[in-house]
Amino acid sequence: MMKQKTIAKEFSVTGVGLHSGVDVSMTVKPADIDSGIVFRRADLTPVVDIKVTPSSIKEAIMCTLLTKDGDQNLSVSTIEHLMSAFAMFEVDNVLIEVNAPELPVMDGSSYEFTQLLKQVGIVEQNSARKGIKILKPVRVEHEDKFAEVLPSDTLKYEFKIHWDHPVIAATNDHIVFEYDLDEYIKMVSKARTFGFYEQLAYLHQNNLAKGASLDNAVGVTNEGVLNEGGLRYDDEFVRHKLLDAIGDFYVGGYILGHFNCFKSGHTLNNKLLHAVFADKDAWEYI
């Protein structure tokens with residue numbers, strides 16, 4: 001029997017919001033059994049708690065955003081990198097206090113979160129872990145993109161990207177990853193978010209990527225990568241999309257299945273979660 005888990009002690013970080021450009025402080029605290037993962041907007045009066053659940057997802061551009069009762073003013077966004085780390089460390093119960101509507105982006109990957117989780121430690125709790133097992137395929141599509149989850153006895157992720165862009169097209173576009181914490185830390189967690197330099201002005205006009213820099217993202221032009229050290233992995237682009245997807249799908253909690261995505265992003269990932277939980281015949285509790 002798998003047990004629920006939380007962190008052994010709290011930790012705090014500061015950083016900048018990727019899209020808002022605002023300085024953010026965040027403290028992650030242990031939580032009791034069956035608490036789930038809860039974000040607390042400590043900057044609001046009274047404070048607002050937003051539980052991580054598919055029903056809290058609100059459609060957003062270029063990130064995953066959760067709201068309290070659908071209220072855009074009571075929200076927390078860009079949670080996917082932290083959630084990705086939580087998924088791999090099997091964290092079930094935790095309280096995240098944040099003083100802004102967006103999490104700090106750190107270096108654009110989940111690596112710093114993995115190191116903090118290793119540092120504070122993970123503890124088992126005296127209650128069975130709750131999750132679901134996929135019994136039949138569930139798939140969502142948009143144009144030529146799709147995201148699906150298939151029955152599997154192991155937790156597995158597969159991602160394929162396709163960009164008509166000379167730099168990204170020159171890299172490996174496909175990755176398969178079976179759950180393994182050490183492998184995740186080594187081969188996935190350091191992959192950074194990326195963006196196209198030519199789109200930066202447009203993004204800023206739409207209040208996006210205001211906190212983006214070469215310290216927290218891979219900058220891409222038609223000629224190459226702007227970051228002085230280049231890419232961390234030859235196929236960093238597809239690895240980061242995998243990192244994001246792991247975090248997005250963990251909004252649904254522990255789901256045993258084989259996730260398979262083609263050109264999927266946050267919107268399609270989130271739609272897949274909704275489709276899974278809407279079809280009661282597609283899964284069973286474990």
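Glycine is no exception: its Cβ is also placed from the backbone N, Cα and C atoms.
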Which of His19, His81 belongs with His240, Asp244 in the Zn(2+) site listed by Swiss-Prot: His81
Site with most surrounding Cβ atoms, counting all protein chains shown within 10 Å, from the recorded positions His81, His240, His266: His81
Rounded to the nearest Å - Cα separation of His240 (Zn(2+) binding site) and His266 (active site, proton donor): 12
Remaining residues near the recorded Zn(2+) site, that is with C-beta within 8 Å of the centroid of the site residues His81, His240, Asp244: Glu80, Ser84, Gly108, Ser109, Ser110, Ala191, Arg192, Thr193, Lys241, Leu242, Leu243, Gly247
Asp244 (Zn(2+) binding site) to His266 (active site, proton donor) - Cα separation in whole Å: 8
DSSP three-state assignment for His81 (Zn(2+) binding site): helix
